[in-house]
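Asks: This is the structure I have questions about; it appears just below.
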């Protein structure tokens, strides 16, 4: 059976799962103008609050997932990893080669998704929590039946809530260790910087505001200038100055090695969980 292309100008998107990630993606897609809300749907079975949330910005809310699949060209499974198999298998008879299937569930491999669904037009995407503020770092991998055109459509959707890159699925455990778990490392760094500001005499609110904006500004410089972070670090590190004194202390505490070890440890744990 020939795979039909998805109509780029009129395709509809449906979310299986109406949680925070689905909401973040849907809001981003609407806010960016990628899709109008009347071309997006989800299903809410009992939690009326979640129905109100999606309806508040115009998304169609059905009472069952079968209607979502029927109405959608792109079906995004945004349920928790432990219930993905149940969600996919229950909808198996409604899925077809004419739909792009997407999973954002951490640790669930394409091979399993394709087996459970009976379809190979699957794309696995791993976003992270900053999707909630439109600054996700997402990675996607195409299943055996997904086309480059399918990938372009999914990139457009997830590009509405941040940046999306393509990688081989075998790299996803490392992706988990870096961008999946990485926001927690940065939250800790922001908290620690703010605590340092307080220790140096700043009011808490001022210290936290400066710390969070400093991290945001530094990340934006790396992203927008294209310069290596080491070069940017050197630009602000004057001989015998304040910054090199602080960097020296960080090196004493194995700052860089500790962050590297955190990424490796999280990647290792992701690998263990995906094999269990």
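Each residue, glycine too, has its Cβ placed from N, Cα and C.
OK, TrEMBL features for this one:
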BINDING   16, 17, 18, 19, 20, 21  NADP(+) binding site
DOMAIN    12-107  domain 'Pyrroline-5-carboxylate reductase catalytic N-terminal'
DOMAIN    169-273  domain 'Pyrroline-5-carboxylate reductase dimerisation'
Asks: Pop the mean pLDDT for the domain 'Pyrroline-5-carboxylate reductase dimerisation' (169-273) in here, whole number is fine.
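Replies: Across the domain 'Pyrroline-5-carboxylate reductase dimerisation' (169-273), the average pLDDT comes out at 96.
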Asks: Residues near the NADP(+) site, 16, 17, 18, 19, 20, 21 excluded, by Cβ within 8 Å of the Cβ center?
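Replies: Other same-chain residues near the NADP(+) site: 15, 22, 23, 42, 78, 79.
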Asks: When you measure from the Cβ of residue 20 (NADP(+) binding site), how many other Cβ atoms are you left with inside 10 Å?
Replies: 14
Asks: Looking only at Cβ atoms, how many others are within 10 Å of the one on residue 21 (NADP(+) binding site)?
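Replies: For residue 21 (NADP(+) binding site), the 10 Å Cβ neighbour count is 23.
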Asks: Using CB atoms and a 10 A radius, I'd like the single residue among the binding-site residues 17, 19 with the highest neighbour count.
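Replies: Result of the Cβ crowding comparison: 17.
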